[in-house]
Ligand SMILES: C[S@@+](CC[C@H](N)C(=O)[O-])C[C@H]1O[C@@H](n2cnc3c(N)ncnc32)[C@H](O)[C@@H]1O
């Protein structure tokens, strides 16, 4: 089989989440794979395992997809986005053999602590998606960060720190690993094992292309769409939505710029309002494919509410 870009790059917001029931079999994840060297090497060493890479940088995603296609690896799948969200939403409980994270940005300043991948809720997600006996492996060049992660994850009732090594050689190295070794830095390698069952709530619920809100013609008041701005910004239960600029070049279709946030996970997309004979339909415009989260649902409801006569 000759692998193509579209075989490797998964867009679960289009194909639906979680991704794993479609695949079956053994699965591993690498978080923040950078140039994709470790990811593809891991896939080559484990041909019977589907290896998923989660990476926030589109440039890194592009490089890794090219590498997987060039090496014709049928067992690599890449998802672009924040791993803190993707790990929880794309993988079900007990679905992963192993999770790797090599040299994540440690964000040393306290005011940036919330940017750390391992911040708030990460240990719960790891404890949920690993199978019992499965492991999370972290490599870092920062001792304070190794200690912090050791204390957070080892403090979780379903996880246990089984090894904390300094300068232990791994079968596969990464670009950053070689860089820090050349500079004479110590490398800390931590392995945590999952010991007991644990679950977390997921928030993605269905697909955006199946979701719309209808407003009947006798309830309609489209006056609000005559302005350039909608100016709705609301929030509740960790879900926030802002609806701003309105674009239209016709009398029966409008686009509204939306930004939503679910517990800090931001999505930008457009809401489309289309006039029909019997009323109006409010839906996510097909050009972007956000995950269908509570904030996205509420943004659609808020647009529908604004064109519904009070
Ligand atoms: C210092 S680099 C390490 C790259 C690679 N693992 C290595 O060791 O060479 C950290 C990587 O993590 C990615 N990253 C940072 N935050 C992330 C997040 N929340 N989700 C997914 N990837 C993230 C960055 O884009 C970057 O590629």
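The backbone N, Cα and C atoms fix where each Cβ goes, and this holds for glycine too.
Where the annotation comes from TrEMBL, it is an automatic prediction and has not been curated.
Site annotation for substrate in TrEMBL covers 109, 174, 175, 176, 177, and the matching candidate from 141, 209, 210 is 141. TrEMBL lists 30, 82 as S-adenosyl-L-methionine-binding residues, and of the candidates 11, 55, 97, 110 the one it assigns to that same site is 55. Considering only the binding-site residues 109, 175, the Cβ with the fewest other Cβ atoms within 10 Å is that of 109.
For the binding-site residues listed here (55, 141), the lowest count of other CB atoms within 10 A around the CB belongs to 141. Long-range Cβ neighbours of residue 30 (S-adenosyl-L-methionine binding site) (same chain, at least 6 residues apart, Cβ-Cβ under 8 Å): 38, 39, 42, 51, 52, 53, 54, 99, 100, 101, 102. In this structure the C-alpha atoms belonging to residue 176 (substrate binding site) and residue 55 (S-adenosyl-L-methionine binding site) are separated by 15 Å.
You'll find the Cα of residue 177 (substrate binding site) roughly 18 Å from the Cα of residue 55 (S-adenosyl-L-methionine binding site). Same-chain residues at least 6 positions away in sequence with a Cβ under 8 Å from that of residue 82 (S-adenosyl-L-methionine binding site) are, in sequence order, 56, 265.
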